[in-house]
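Let me begin by presenting the structure, written as structure tokens, before commenting on it.
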Amino acid sequence: MTTRTQSTASRPLLGVNIDHVATLRQARGVAYPDPVEAALLCEKAGADGITLHLREDRRHIQDADVYRMRPLLTTRMNLEMATTQEMLSIALEVKPQWVCLVPEKREELTTEGGLDVAAQVDGLKHYVASLQQNGTKVSLFIDPEPIQIDAAIACGADAIELHTGQYSEATLTSEPSTQKELLRIQQATAYALAANNKLIVNAGHGLTRDNVGPIAAIDGIYELNIGHALIADSIFMGLESAVKAMKQAIEAGHK
């Protein structure tokens, strides 16, 4: 995700989110399974990057995980975080290659929607600039809407990550709903790249081996960040096999 060099002939990259390895660890309050070890296994299996979300409530990933993981990764770290001063201080110290700014609600089970960038452009400009001046590229996790894309560009973001949650939920209900949500993501991707052809467009949330294909087929999508479904697959097939299977699903969808 360092530069936007993907051609239409290459598959989207796979960023593996390892949060739920830490979820399992925190369920018992023990030292295993280790998300750092999981991240290294994912890289060995072919992951193009590692994503982890340091939440304000520390429900899964802990500060120590972030600090231990950063120097060990051979791909890159994509640190998801809320736009707080505490998180900014951590990111400035850790210096991940990428930060993805996301909204947070303490009562939510998972991130429920995109960051409302349009409502806070001025504040986010300074936040984004602080990270960039420290050598970290910045992505904004947003809903696939033109108003949010325009705001992300105005903030100077290096990338956007389109929220695929509604698409993923639609795949469990009806074909018309699925096609409607898929079209939203297709149109948002085209809109973003027409507005700024240097902007990196990623996507993620709720993607599985069963539903990733149509998203992987969208021209202009650079990277897909996938966690929960991949970690769930790993229970039955092992972590390395789960990474490889997801890459195969992405490749099959892109063809």
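Every residue, even glycine, has its Cβ placed from backbone N, Cα and C.
Please treat TrEMBL annotations as automatic predictions, because they have not gone through curation.
TrEMBL annotates Arg28, Gly206, Gly227, His228 as 3-amino-2-oxopropyl phosphate-binding residues; of Asn17, Asn78, Asn196, the candidate listed for that same site is Asn17.
Straight-line distance linking the Cα atoms of His205 (active site, proton donor) and Gly227 (3-amino-2-oxopropyl phosphate binding site), rounded to a whole number, equals 8 Å. Under the DSSP three-state reduction, Glu80 (active site, proton acceptor) is assigned to strand.
Its own atom aside, the Cβ of His60 (1-deoxy-D-xylulose 5-phosphate binding site) has 21 Cβ atoms within 10 angstroms in the protein chains shown.
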